[in-house]
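Some notes on the structure that comes next.
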Amino acid sequence: MTAPILISPSVLNADLANLTGEIGRIASADYVHLDVMDNHFVPNMTFGLPVVERILATTAVPADVHLMIDDPDTWAPAYAEAGAASVTFHAEAARAPVRLARELRAKGARASLALRPATGIENYLDLLPEFDMVLVMTVEPGFGGQSFITGTLPKIRRTRDAITRSGGDVWIQVDGGVSRETIADAAAAGANVFVAGSAVYSAADPAEEIAVLRGKATDAFRP
Ligand SMILES: O=C(CO)[C@@H](O)[C@H](O)COP(=O)(O)O
Ligand SMILES: [Fe+2]
C-alpha cells in the first residue's frame, strides 16, 4: 500500500490575528497544522481548544492538531470531539497512549503519536496498529523556524521499514525545518506527511510553495 504524499502547513508563524485569512492562503493544502502549546511540555504557549473550535467552524481545510501539552489523556479527546481530522499527542506526555489512541479513534479522529528527536520508536513498534500516524519531530518542539535535525532520518527509515514489515497503513509525519532543501531527504527516508510552517508562510506565494514541496516529496518518497 503506497502512502499518500500530504502537505500540512503550520500556522505557528502565520498572522495569528488573522487565522481565517491565513488559512485561506493554503486552501490547496491537505491539512492545516495547528500547534497547541501549554508552556509546560514546551517553553512556549500558543492557543487551545476555543481557538481550534473556531478554526474548525470557519475553514474547509481539515485540521491536523499537534498537542505539545502535558496531560493529553485529559485534553486530547475534546479536540477529536470538536471535529479535528487528526489529533497528535506526545509519547513523552501520555500516561496511557493506547487507551488515548482508542478514544480518539472512537470519536472519529485519526490518532497520532509524536516522538521528540531524542525519543526512540523501538518501545512503540508493537503498538503501531493502534495509531494512524507517527509524528517524528525533526526539531525540538516549541518553536517554528528551526533547522531540520538530520540525525532523525534513521528513525524515520526504521519506522517506515517496521510499518512495511507489519503490512500496516500508518502514515509518517515530519515536523520542523521542512523546506525545499530538506523535504526530499525526509521523503526518501519514508515520511509521507510534511508539516511546513515558515517555508510556506514566508513564501511570496504559499500555494506555489505547497505545489513545489509536494512535487519534491513525491519524486523522492521511498516506501
Ligand atoms: O510543532 C512545531 C514546532 O514545535 C512545528 O509545527 C513548527 O511550527 C514548524 O515550523 P517550521 O519549522 O516549519 O518553521
Ligand atoms: Fe507541529
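Cβ coordinates are placed from backbone N, Cα and C, and glycine is handled just like the others.
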Worksheet item: Besides His33, Asp35, His66, which of Asp161, Asp169, Asp175 does TrEMBL list for that divalent metal cation site?
Response: Asp175
Worksheet item: Out of Ser8, Ser10, which does TrEMBL tie to the same substrate site as His66, Gly142, Phe143, Gly144, Gly145, Asp175, Gly176, Gly177, Gly197, Ser198?
Response: Ser10
Worksheet item: With every protein chain in view, how many other Cβ atoms are within 10 Å of the Cβ of Gly177 (substrate binding site)?
Response: 25
Fill in: Ser10 (substrate binding site), number of other Cβ atoms within 10 Å
25
Worksheet item: In Å, rounded, how far does the Cα of Ser198 (substrate binding site) sit from the Cα of His66 (divalent metal cation binding site)?
Response: 16
Worksheet item: Of all the binding-site residues given, Gly142, Gly144, which residue's CB has the most CB neighbours within 10 A?
Response: Gly144
Practice prompt. According to DSSP, folded down to helix, strand and coil, what is His33 (divalent metal cation binding site)?
Written response: strand
